[in-house]
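As written in TrEMBL, here are the features:
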BINDING   81, 82, 176, 177, 178, 243  beta-D-galactose binding site
ACT_SITE  176  active site, proton donor
ACT_SITE  307  active site, proton acceptor
């Protein structure tokens, strides 16, 4: 059984509208999601003793989400991740997007899908958010109708993304939750054990754009096919953290993506998806300046993201999986976040 409750979360400034919070609760999980950016603001999971903790970074009040902050818990689009120099050519026409992360366009631009109010509809086991992204929004061609659905099933949070376009446009939607399985506010994720089911990854240039190579993980820091303890692994390979796309099966079927285990609490997160990639990000840009829930501060490496997605800059790299959505087609992807204890 899943219960869904609906409350006011806050009011946007200048009469911008009311942001609502939807609390989804099953016997194993409790998830709070707001209509601003379809943002997951809390996710409570029990440890092996049966004690529940909130395992996502974020804010207790709406004001936190309206300040400059790194996409905590939000749905990002129209195109997640980076587009080189914010430009692409489609059907012979060149498009220039806002440059919001020099020298590239990141996560949909200056006002992406994370910074808008969505229209909610309560379901028996979750909530569906919808919006229409107008033609030309953030420089993208065509009107895009989008639906994001969150449902709970026992220990599993299921996120489905659907979209339909009036003109050909790139589309790549993901959720940008930052997890810490020790509980949000814990100082780091070094004691987390990570597995990612990927034989290849995408090397990047100094602006974090893929070089175009599809490189084998074998013998590199990116070989996470067997579990590694994150802190030790970063030290062993002398790397500052991860912010890379790992290449998954290119099948539209549900496939295993990643598993993260926190020994101290026993919490396990397994991720399954229909997407061809996952951006594994270890919170390298967090710097402790933001004040989160319960007075928490979020220093570097205090949370990780597993952003299931198409590959970054796919619109400019023809050998990457196709990212264009054309009229008459439907974009339809699902990601499953499965929580358990071990």
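Placed from the backbone N, Cα and C atoms, the Cβ positions cover glycine too.
Please treat TrEMBL annotations as automatic predictions, because they have not gone through curation.
Every protein chain shown contributes to the tally, and the Cβ of residue 307 (active site, proton acceptor) ends up with 24 other Cβ atoms within 10 Å. The Cβ of residue 176 (beta-D-galactose binding site) lies under 8 Å from the Cβ of 70, 71, 72, 73, 74, 75, 76, 80, 107, 114, 305, 307, each of which sits 6+ residues away along the same chain. Within its own chain, residue 178 (beta-D-galactose binding site) has 56, 57, 58, 70, 72, 73, 283, 286, 298, 303, 304, 305 as residues 6 or more apart in sequence whose C-beta sits under 8 angstroms from its own.
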